[in-house]
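Following: one structure in structure tokens, then a few remarks.
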Amino acid sequence: MRKLKIGITCYPSVGGSGIIATELGKQLAEKGHEIHFITSSIPFRLNTYHPNIHFHEVEVNQYAVFKYPPYDLTLASKIAEVAERENLDIIHAHYALPHAVCAYLAKQMLKRNIGIVTTLHGTDITVLGYDPSLKDLIRFAIESSDRVTAVSSALAAETYDLIKPEKKIETIYNFIDERVYLKKNTAAIKEKHGILPDEKVVIHVSNFRKVKRVQDVIRVFRNIAGKTKAKLLLVGDGPEKSTACELIRKYGLEDQVLMLGNQDRVEDLYSISDLKLLLSEKESFGLVLLEAMACGVPCIGTNIGGIPEVIKNNVSGFLVDVGDVTAATARAMSILEDEQLSNRFTKAAIEMLENEFSSKKIVSQYEQIYADLAEPE
């Protein structure tokens, strides 16, 4: 296929949608495409220079006539400006709201054909989709796009059920950069964090929102720590962090739980971990599961949303019901005490990563969509 000029608009902050949008752009740039990020700030994963990657900042001014800064209008104007000046072939919007709507407005301003691809990541459907004042706008955003993808079949199904669009929604899974997420030498990393060689390490990585149920993770770890020597790594930050700290103090686990905040090299922490817990009550995919699996960490997740598409129960990990701390504890101890089971899960997970979630496969799927939409030279 010919090399394309692709505009990407996304949330630049820490979070699955921003990570995938940025990593996709980086991989596309490596394949020779010209990538233009159009965002409010530099995406946090855009940490290396590449001659094919360009950043265009959306600067929002405050005016007395507007009660709130007009980000959406400014973004639409910026997309149109960049698309016109750089002669973009494609605009890829990550999130239906506001990005797909802004891409549509930009297309109307351009008055020329430009392909709009919208990727649904979760919150734009599973949270905003339940707001009656936004549902029709989300449907409009989806149906105004030329192609629409969702990061899991579960999310696509929920979108059809809740929003009821007529547009076809294709499932294209998330992916990770296999060159980054791989198991590393662990002795020095463990020593750096004061973890003894014979201690088991449990890890949880999230944005510490209520839906992540971090308190369940702590309760499961409390049970684990009562049975074996272990440490819990809590990686990330968010509104539930203070509540998590209170629970840790209540259970007297201060010496066994490391609150590490946001980390740039989370792959180092996965490399020293024996078990990954993701016990969310709502999860459209669970990108952190792929990251952990690639680093050789067996995973336990809840049987909701897109997680069962990532973890095959009793094949590449365990699934438990939301809130079932007892079952999660039992499954965790099975993995921590049975090295053969742990190794079996790890091997199966890596095979599934290579077959279903490889960056080569996923990026090629997006490339095919772009090629279908791009005007011939």
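Cβ atoms are placed via backbone N, Cα and C, with glycine included.
(S)-malate binding, as stated in Swiss-Prot, involves SER17, TYR95; the candidate among THR39, THR74, THR123 given for that site is THR123. In sequence order, VAL235, LEU269 are the residues of the chain that are 6 or more apart from GLN263 (UDP binding site) and have a CB within less than 8 Å of its CB. Taking every pair among SER17, TYR95, THR123, the residues listed as contacting (S)-malate, the largest Cα to Cα separation comes to 10 Å. The secondary structure of GLU291 (UDP binding site), as reduced to three states from DSSP, is helical. When the Cα positions of ASN207, GLN263, GLU291 are compared pair by pair, the longest gap among these UDP-binding residues is 15 Å.
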